[in-house]
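Heads up, the thing below is written out as structure tokens.
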Amino acid sequence: MTKTKPLNVIKANASNPKVWVVIGVAVAGIVVLAETRRRRRRAKMVMDRADFGAFLERFTMIPFPQPPPPAAKQTLIGLTFAIKDTFDVKDYVTGFGNPDWKNTHDPAEKTAMAVTALLKNGATCVGKTVMDELGFGITGENKHYGTPINPQMPSHVSGGSSSGSAVAVAAELVDFALGTDTIGCIRIPAAFCGILGYRPSHGAVSTIGVLPNAQSLDTVGCLACDASILHRVVHSLLQLNTVEPRRTRRFIFANDLFQLHKVPMQKTLSVISKVIENLSGYQPPKHMNIGQYITSSVPSLKAFCEQNENLQNGSSTLKALSSVMISLQRYEFKTNHGEWVKSVKPKLASDISSQVQEAINSTHENIKMLYKVRTEMRATLQSLLKDDGILVIPTVADSPSKVNINKVYSVESHDRALLISSISSMSGCCQVAIPLGKHDDCPISVSFITFHGGDKFLLDTMLDMYSSLQEQASIASNSAPLPDANGNIDTSELLKEKGNAAFKGKQWNKAISYYTEAVKLNEMNATYYSNRAAAYLQLGCFQQAEQDCSKAISIDKKNVKAYLRRGTARESLLCYKEAAQDFKHALVLEPKNKAASVAEQRLRKLMS
């Protein structure tokens, strides 16, 4: 039997009006169907924008009823929360941020213990949130489920991997949210979204019912906008005692890490210092180079520092620490999920795929050394902080990148982010990220770290200081930059010579004082700035060194030492491209300069 083509039928019956009625109805149906689909897509987009793309799925898990006396009163009644797509919920498939994972796993038989603890304390769970695939990535982008919109900076990434949880909180869709933190996965999105983020002491909150990325680094943490809510939620998760003897607080500012920060100290350390001055039981802050301290206290790291041995003043050690953290993450991820990756071959975003493949293909002959570094780091921080110390660091160094423009966070920004986050991740210490207003329309975030097991001490400190910190941050945001002193007296050469003598005697601070006085007397002498930069480098004050060298170069564009010193400062700040340019410029001025040649070749390899 031969088939008749539709067009032939129409031609044969062109004069029959019934045929045209049928055609009209069919065309109308197609148009209606297309319009219905378009409206559904538009409605979904509107709905996604309404929840800032934070949620994967919505549901309601009602809290447990209040138990009768003498049971304690539920502390989270009336609060709503969301959970990252790593937490098990009974009868739901935990998706791990990837459709292939979701399609190859069964629904959970039980709800994660952390989620249950919050339900028992009266909170209501309202859904699961978007995350970076398989817990990799720190930008918050997900090619399958979309990138949650950062409410603070809509055109910029929200940070990851707990991106949806951070966005849900920042957009005030929930009172708080649960996430997991392995290498910064709560702290980074908290910083980018301008909210509070808490990483507890490693092992303090149960991870039963939570998909692991790397269990030696994984923690279950919390994000919130309100300090009181964060305090109550983490108390519930940790089952902490409500009363603890009042202790003094001893603050330590990590100057070298704030050198990586892009925010003026007037808006960070100065704010914290002013708050400390007005609180009883808070000792005046001390300053230190945390990189140098770790260098002298974690001997196992020396084996990992060789390739970065030219970086100064602890930068090599911190870079090595972050590389050990990543190696440990890869080893444990491979152990946990390597077989699944090999058998399923999941579809992953290119940047996530490369990280997963590096994990799967990695070999770790020195695995014992990785764990040894972790053990020594915990002992080192315990020795530094004891039971009353709080280390203050920037939560992140850089502002968030724009969505879809820098699809992969730049190598330098990525390195700086991991370098900072590795301190808590590798020591197991607890850390809270605290917002401090904005700089250039970007949220500012600083972090407090204290000893492993000191969660209540840290939470109480955060709650004690929070309102004063916000008040001082607001004042700092509206203040003009502090002016520099200038002068005009021509006796500066003697001061320069005194500075040189102090430098040779390794009296770096004294040398800086002399050079500073020389600059005040003659602000157009490039040598004074360049020499002061050399002293700053010895102290690990890389931003000041870079600024001094830039000033020297603006005065004398042929000052080779200024280019070399600025290159060293920028390399220590992990600004590899700019550092390489400085060393190249030095080579143009002095083609046989060995230091510049070696540095330029080293950076070329590092960037390749």
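Indices start at 1 and increase along the chain as displayed.
Quick reminder: no glycine exception, Cβ is built from N, Cα and C everywhere.
Heads up, TrEMBL stuff is auto-annotated, nobody curated it.
TrEMBL has this to say about the protein:
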DOMAIN    73-238  domain 'Amidase'
REPEAT    492-525  repeat 'TPR'
REPEAT    526-559  repeat 'TPR'
REPEAT    560-593  repeat 'TPR'
TRANSMEM  20-36  transmembrane segment
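Remote same-chain residues near the repeat 'TPR' (526-559) are listed as 255-256, 259-260, 289, 291-292, 312-315, 492, 496, 499-500, 503, 506, 508-509, 511-512, 515-516, 518-519, 565-566, 568-570, 572-573, 589 (criterion: CB distance under 8 Å, separation of at least six residues from the stretch ends). Secondary structure counts, DSSP: the repeat 'TPR' (560-593) has 27 helix, 0 strand, 7 coil. For the repeat 'TPR' (560-593), the model's average pLDDT works out to 92.
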